[in-house]
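Chemist: Take this structure first; my questions come after.
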Amino acid sequence: MLILRGAPALSAFRHSKLLEQLKQKVSAVSGLYAEFAHFADVNDVLTGEEQQVLDRLLKYGPSVPVQEPAGRLFLVLPRFGTISPWSSKASDIARNCGLTKIQRIERGIAFYVEGQFSDADAQAIADSLHDRMTQLVLGDHAQAAGLFSHAEPKPLTAVDILGGGRAALEKANVELGLALAEDEIDYLITSFNGLGRNPHDIELMMFAQANSEHCRHKIFNASWDIDGQSQEKSLFGMIKNTYEMHSEGVLSAYKDNASVIVGSVAGRFFPDPDTRQYGAVQEPVHILMKVETHNHPTAIAPFPGAATGSGGEIRDEGATGRGAKPKAGLTGFTVSNLQIPGFVQPWEVPYGKPERIVTALDIMIEGPLGGAAFNNEFGRPALTGYFRTFEQSITTPHGDEVRGYHKPIMLAGGMGNIREDHVQKAEITVGSKLIVLGGPAMLIGLGGGAASSMATGTSSADLDFASVQRENPEMERRCQEVIDRCWQLGDRNPISFIHDVGAGGLSNAFPELVNDGDRGGRFELRNVPNDEPGMAPLEIWSNESQERYVLAVGVADYERFKAICERERCPFAVVGEATAEPQLTVTDSHFGNSPVDMPLEVLLGKAPRMHRSVAREAEIGDDFDPSTLDIEESVQRVLRHPAVASKSFLITIGDRSITGLVARDQMVGPWQVPVADCAVTATSFDVNTGEAMAMGERTPLALLDAPASGRMAIGETLTNIAASRIEKLSDIKLSANWMSAAGHPGEDARLYDTVKAVGMELCPELGITIPVGKDSMSMKTRWSDEGTEKSVTSPLSLIVTGFAPVVDIRKTLTPELRMDKGITDLILIDLGRGQNRMGASILAQTHGKLGRVAPDVDDAEDLKAFFAVIQGLNSDGHILSYHDRSDGGLLVSTLEMAFAGHCGLNLHLDGLADNVSELSAILFNEELGAVIQVRQDATPLVLAQFSAAGLEDCVAVIGQPINNDEVSISFLGEPVFSGQRRLLQRQWAETSYQIQRLRDNAECADQEFDALLEEDNPGLTVKLGFDVNEDIAAPYIKTGVRPQVAVLREQGVNGQVEMAAAFDRAGFNAIDVHMSDILAGRVDLNDFKGMVACGGFSYGDVLGAGEGWAKSALFNSRARDAFQGFFERSDSFTLGVCNGCQMLSNLHELIPGSEFWPHFVRNRSEQFEARVAMVQVQESASIFLQGMAGSRMPIAIAHGEGHAEFRNDDALLEADVSGTVALRFVDNHGKVTESYPANPNGSPRGIGGMTTLDGRVTIMMPHPERVFRAVQNSWRPEDWNEDAAWMRMFRNARAWVN
C-alpha cells in the first residue's frame, strides 16, 4: 500500500467553522489542521514515470499552504470492507491514465486536533468528524491497510418458527426492525407452515419491505368505520374517483413509477443512435409527473436524506414506461421552529427534541444542500418549491399538545418527458435477462421502507440511522444516459420493463419487476455487483444502495444494451432470468444454497387487508382578534416568518438553467427577486409550447378544519399555476402527497374527511384529476426527556403539485410590477368574497394563536371562473403583472410585487372595509385570490370581464404602483401604514440571510444583504454593440455546408444537449462524442472543425473540478495525441464552458497560446452559485466574441468552482495585459467587480472567461448555451424576439469557419 499526503482539506472559512464546532463540543481543543490522505493498493512497484503520473493525478484543488501537522491524529476513512464512490471514480481515472498496476485508490482526511483531552473527549471529537454510516476513524496511517482487506461473506440464518412458533417470529420482528403487524405475523406462520419449512431472515426482510406501509399503502387501501358508520370507499378509491370522473389527457395513472399526461408536439432534440448527429424529431412529447417524500431519512441525516430523496424521485421518472427523461425538479420542506441563534422570533417557544434527530435549523441548512447538490450534479434544474415552519402548543379535548414537524416533510418532485410508444411497459418474455443497472451493493439504508413506516421514536436509534441511504448522483447520471440511448432507439428500444431500486433494495425491486410483468424470476445472489463482499445474503438483497434500476431486456436485445452501457461506462450485471412460473428463487453460489425460494403470491399476495375503526374529534381553536394588534409590528413579524420570507438561500444553491429549456424559474425581473408563482419549461428548442408546475399547501389550517386545508391546497395550486398560459382548467393534473400521524386521536378521521372533500367533491367539480401521489402515515415524534414523555405531532398535511401543458411559454405572468407601462392600477380578486377568515394565518401563528375559522374554497364555480378570466385577459395582453394571495395575505402579495418591480406602492383600502377595526384582517387574511396590475385605461374592461363571469363582488381596485421607494396604505384618506420598500425588503430577506450566514462564507452573505440598501441599483440591463436580431451566419447556412463540431462529454457531464442545440441553430452538424469514443479510437478529431467541452460534473468532480477529465486526456497517449493534434490545427476552434472550461484550463500544456490561463477553484462563497450575472465582453482575439467587445448583458451561471486562481499577482497582471481575458463580471452599473453576488465566484478583476493569443480556443465559466433563445432568459428586454444576444457567439464561430 502506498501512502501519499494530499493538499489541505479545508478552506480558511471551513477551517474556522469546524474549529468553532469542535470547541463547542470539547472546550480543550486549541487548534486544527486537516489534509487529504491518499492510499493506493498496487500489485507491483511503480516506475518513476508512473509515480510521477500518480503524483500529478493526486495534486488537485486550490493552492492552500501545506502545514506540518501537530496534534492528535483523527484519520477519517471509508468504512473497511467498502469502496467509496470517490474511490471507484479515482480508480477509473487512474486506469484511463494507463496506471494498470493500481488496483484501487482510496482517500481519507487526516484531522490533527491540538489540545489536552480525555478519551471521552476524543470520542466526541471523532463523532463530530465522521459519518458512522460510511466512515470510521483511526489513529495511525498504517492502519489504513484495512481498506484493501477482503472480508469473508457472512452466512444465511433461518428463523425457527416450526420449533419456536410465534415467539421466534416476534423476536425476529424486533431484532430486524421489520415492523410487521399482528395479522402479518399470523399470515407468515400460516404460509411457511404450509411450505413445510422455516423462513430465512432474507425472506422475512423481503416480505417486511414489500408489505410495509411505505410500499403497500395499507392505510390508503384499508376499509373504514368512522363513528361506527361503515364508509363506502377506501382513501385510494376516492382519489381514483377523480380519474373515473375525468380521465381525458391522462395516459398512465396509478400503475407505474410516475404518471403520464398528454403534452405537445415538438422537435425532440437528441443524437441519432446510429450517426450520433444531433437533430430534431417531430413527435408528441408527453409529460410525466411525480412527487415523492423522504421525511424519515431527512430527520436523521438531512444532507443524504434529502439528496437520496431527490435521487429516488429522479429514478422514478427515468423508470417510467420503457424509459423516460427527467426534466425539471421541485422541492419542499416543512419543519418545526428554526430558533436561529441571535435571531429567535417571539413565537418560537423551545420544547426540545430527541437525540436521534437533528434540529429544524440543521435540517434547513443541510437538507436543501443535499437536494440541490444531487439535482445539480445529475443535471436537472430545480424550479419551484415551498418552505414552511410550524410548531405550536395547542389545547385539545385531551389536554395541551405540541403540533409541529419534528419529523419534517421533505418533498422531492418533478416532471419529465416520454415518447408516445414508450408510455406502456412491454411484455417480459420468458428467458429475458433481468439486469441491475447502476452502482454496487453496499451496507447502506437497510430497512428504510419499514423504518419510514414507524413513528419516529418507536425503533432503535441504530436502526433509524441504518435506514438512511447515501448518494452518488454522477452514477445516476450515467444510468440516465444509458436510458436515454435506449429510448432514443425508438422501436428498437432494448428495455421492455424497468423499475427503480428504492425502499427494500433489490428484494423489493426484482419481485415487483417480474410480478408486474406476470412472470417469476430465478436470480443468482453473487451476480449482484457488490462493493462490500462481507455482507450477509439479507444485506446484499435488501440494502438500499442508491442509483440503481432493475430492467428486463430480451435476449435478442442484450448485446445492443451491453454496448450502450460500455460506451457510457455505466456498470450493470445480469442477475437473473424471467421464468414462466410465478416463483421467486434466489441461489447463492458461494454457499451453495437458495436463500429465497417462495411463490410470489406468498410475498406479494393476499396479506390481510387493514381495517380502520376511528372516531371524529371536536375541532380545536382559540380566540384571535387581529384588530387589537399594532400593524407595524405585525408587518415585521409576518415578513420574518419563514413561510413568507425570501427563499433566496434555498434557490441560489440550485442550478436553474441546465437543459436550456427553462422558461420561468423562481427569480423574477431585473433585480432577480424570488417570487415566481410557478415554473415553466419549453417542450423543446424549436417551439413556444411547454410545461408548467406549481405547488399549494396550507397545512396548519388542518388543525381547525382539515377538509378546508385540503381544498385550500388545491386552490392555492391553481392560483399559482394560473400565471402560466394554459388552454383550460381540466388540462391541469395534480399530484397529492398526504402526511398524517395515523393513530393519533382524531387524525384518521381528518384524513378520511379531507380525502373525501378533495377526491369526491372539489376535484370532480373542477374537472381535475389526481393521477399520482404518495402517502406518509407516521408523522409523529416521541421521546423521553429526563423522565417526561414528550411528543410532537404533525397536523394532517396535504401538499398538492399541479402540472399542465402550456400553450405559450412567452406569456407567463410574473409578480414584477411594471413601471414602464404608463399609469396602472392594482386590482384585488378576492375569492373569499370579503369573509377575511383569519384562522391559522401567519399573523395568528406569529402571535402563538390559531383562531377559529379557516379560509376555505366555498364555491368551485368561483375558482373555475377566476381561472378562465385570468387566462383570457393574459391571452389578450391585458395583465402586466400577477401574484396570488397566500401566506401573509394581501400585504405580502403587494409588497412582493413591489420588491420585484423595485418600486413603491400607494394602496387605499376604502372599498374593502367598513371600519378601521377590519384593516388587519383585510391586510393579513389568506383567503384565495390574486392581485393583478393592468393599464388604467384597461381597468373598466378588466372589471367588466370579472363581472360577466359572476365575480363582480370579488374585485376591487386597491391602488397603484409608484415610481419611488415609499409604501403607503390608507383608509378613508387616513394613513394606516407607511414604510420604505428597501427596508421592508431587508426585513423580508433577513431570515434567508441569517441562514446563509451560518451556512456559507459570512462575508459574502453580508455583501449580498447590504446590497439591498442601494438606492439607485438599475438591475440587469443590456447594452449591445451589435443587432440581436441579425443572423450573420445566414449566408453560410444558405450554402448548405454544415461543418462538424464535436460535442464532447465525459462521464458526469450533463450540459451537452443544449450546447448541441446552440451549434445546430448556428449552422453546424453537432456530433455526440464521449471520451470513451476517443480512448477506444472510435472517433477521430481530424473529422471535426470545432470541438466543445460541455458543462457538468465529470467524474463527480473527483480529483478536482474538470481535473480528472483533463488528466485522463493528458496521461493517455492516444487521447493526448488526438487533442494535441486538434489544438495545433490552424483551422480548428474549441470552446470550453463551465466543467469544460475547468477541463481545458488543465490541458493548457497542449494548447498553444494558453500560458496565461488560471486554474479554477472553489467559489469565494464556498457554495454552488446559480444566478444570472452581468458580464462585459472584452477586446480579445476570441473567434466567438468578434464584434461583441464592449457589450454588456446577463448570462446564466451555475458552478461551485469558478474562482480563477493565478499562480501569483504577476501572472494575473500578465493575463490582464496579454489580451486573453475574454469576459469580465460587472455590477448592474457596468463596473468590473469582485464583490458578491455580482461576481458570483470572487474571481480577481472579474475574470469570467479567457481565450488564447490567436483566439481559436475560448473558455468561460458562464453558460451562453443555456440562454441563446430569448425565452430561456430569466429576464430579457422586450425587443428580443426569438434570439437572445448570446446566439451571436455561436454564429460568429460559423462565420469564422468560412
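Residue numbers in this text run from 1 along the chain shown.
Every residue gets a Cβ built from N, Cα and C, even glycine.
Below, the features straight out of Swiss-Prot:
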- 303-327: region 'Disordered' (REGION)
- Asp677, Glu716, Asn720, Asp884: Mg(2+) binding site (BINDING)
- 1045-1298: domain 'Glutamine amidotransferase type-1' (DOMAIN)
- His1263: active site (ACT_SITE)
- Glu1265: active site (ACT_SITE)
Chemist: Mind checking how the region 'Disordered' (303-327) divides into helix, strand and coil residues in DSSP?
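Modeler: Its residues divide into 16 helix, 3 strand, 6 coil.
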Chemist: Determine, to the nearest whole angstrom, how far the Cα atom of Glu1265 (active site) is from the Cα atom of Asp677 (Mg(2+) binding site).
Modeler: 26
Chemist: Take the region 'Disordered' (303-327) and find every residue of the same chain, 6 or more past its ends, with a Cβ under 8 Å from one of its Cβ atoms.
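Modeler: Distal contacts: 133, 252, 256-258, 260, 288, 290-294, 296-297, 366-371, 373-375, 378, 380, 410, 412-418, 422-426, 445, 468-471, 473, 476, 479-480, 483-484, 486-487, 493, 495-502, 546-547, 549, 659, 661, 681, 691.
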Chemist: Using other CB atoms within 10 angstroms as the count, which residue among the recorded positions Asp884, Glu1265 scores least?
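Modeler: Counting other Cβ atoms within 10 Å of each of the recorded positions Asp884, Glu1265 gives the minimum at Asp884.
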Chemist: Taking all residues of the domain 'Glutamine amidotransferase type-1' (1045-1298) together, what is their mean pLDDT?
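Modeler: Looking only at the domain 'Glutamine amidotransferase type-1' (1045-1298), pLDDT averages out to 98.
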Chemist: Same chain only, sequence gap of 6 or more: which residues have a CB within under 8 Å of the CB of His1263 (active site)?
Modeler: Ser657, Gly1055, Gly1095, Val1137, Cys1138, Ile1195, Ala1196, Ile1197, Ala1198
Chemist: What is the set of residues, excluding Asp677, Glu716, Asn720, Asp884, whose C-beta falls within 8 angstroms of the centroid of the C-beta atoms at the Mg(2+) site?
Modeler: Cys678, Ala694, Gly696, Thr717, Leu718, Thr719, Ile721, Ala722, Ala723, Ser886, Ala930
Chemist: According to DSSP, folded down to helix, strand and coil, what is His1263 (active site)?
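Modeler: DSSP assigns His1263 (active site) to strand.
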Chemist: Can you check which residues sit near Glu716 (Mg(2+) binding site), meaning Cβ under 8 Å from its Cβ, same chain, 6 or more apart in sequence, and list them in order?
Modeler: Met695, Gly696, Glu697, Arg698, Val800, Asp884, Ser886, Leu928
Chemist: Per DSSP, Asp677 (Mg(2+) binding site) is which: helix, strand or coil?
Modeler: coil
Chemist: Return the residues near Asn720 (Mg(2+) binding site), defined as same-chain residues 6+ apart in sequence whose C-beta is under 8 angstroms from its C-beta, sorted by sequence, else 'none'.
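Modeler: Counting only residues 6 or more apart in sequence, the Cβ neighbours of Asn720 (Mg(2+) binding site) under 8 Å are Asp677, Cys678, Ala694, Met695, Gly696, Gly802, Asp884, Ser886.
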Chemist: Any idea what DSSP makes of Glu716 (Mg(2+) binding site), helix, strand or coil?
Modeler: helix
Chemist: Taking the Cβ of Asp677 (Mg(2+) binding site) as the centre, how many other Cβ atoms fall within a 10 Å radius?
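Modeler: Taking all protein chains shown, Asp677 (Mg(2+) binding site) has 27 Cβ neighbours within 10 Å.
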